[in-house]
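As recorded in TrEMBL:
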- CYS44, ASP46, HIS105, CYS108: Zn(2+) binding site (BINDING)
Amino acid sequence: MTHLPEKLLTGYHNFMHGRFEVESDRYRRLAQEGQAPDTLVIACCDSRSAPETIFDAGPGELFVLRNVANLVPPYEPDGEFHATSAALEFAVQALKVKNIVVMGHGRCGGIKAALDPAMKPLSPGDFIGRWMSLLAPATEAVAGNSMMTTTERQTALERISIRYSIANLRTFPCVKILEDKGRLTIYGAWFDISTGELWVMNKETGDFERPEAG
Ligand SMILES: [Zn+2]
């Protein structure tokens, strides 16, 4: 009788005898000194878009916030349960990260569900529907565009959602103030799962551009 799935135990074994052994000094130092990552990545929960894998990051390098469709809600200090805002607050105010990267990805299930009028709630509470309603104005605009194919609509909304999350980031006073002071920089990126390409948002135009080769 094991208390964890076999695959996870095997993976953990490999980790202990591989990466942990190689990086044990680093883990010990991080344990003693605490974490000091420079960058917060806000990514989707999707199992194919893990920031640590995509950015080849070691322990202590990235502070990662993942939720359905990498959305940032607007600043709402209303006493409700705001998991994303709490993680954001910790990264910016306690860890004092220098960079925030909002990273969306292709074939995002959350975005697909938002665009699909036939999509039924998974539960009576419909947490996903409520969460994705953050994007409602953009979703309606994109869903109603009959000139675009389904795939084009999907990619468009994935990218719009990144710009939207970045706009919401700036509604948090701590983010806005630090960005205005030049102590925090915000980036957008979109990961193409099938090719592995990371498209980066041009800060001036908001367009997503293919990375330079190399
Ligand atoms: Zn996703």
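Residue numbers in this text run from 1 along the chain shown.
Using the three backbone atoms N, Cα and C, a Cβ is placed for every residue, glycine included.
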Cβ contacts within 10 Å for CYS44 (Zn(2+) binding site), all chains included, total 25
Additional residues around Zn(2+), ordered along the sequence, whose Cβ is within 8 Å of the centroid of CYS44, ASP46, HIS105, CYS108 = ALA43, CYS45, ARG48, SER49, ALA69, ASN70, GLY104, GLY106, ARG107, GLY109, GLY110, ILE111, GLU158, PHE191, ILE193
Might you list, by sequence position, any residue in that chain lying six or more from CYS108 (Zn(2+) binding site) with a Cβ less than 8 Å away from its Cβ?
-> CYS44, ASP46, ALA69, GLN154, GLU158
Over all shown protein chains, what is the count of other CB atoms within 10 A of the CB belonging to ASP46 (Zn(2+) binding site)?
-> 20
Inside 10 Å of the Cβ of HIS105 (Zn(2+) binding site), count up the other Cβ atoms and send me the figure.
-> 22
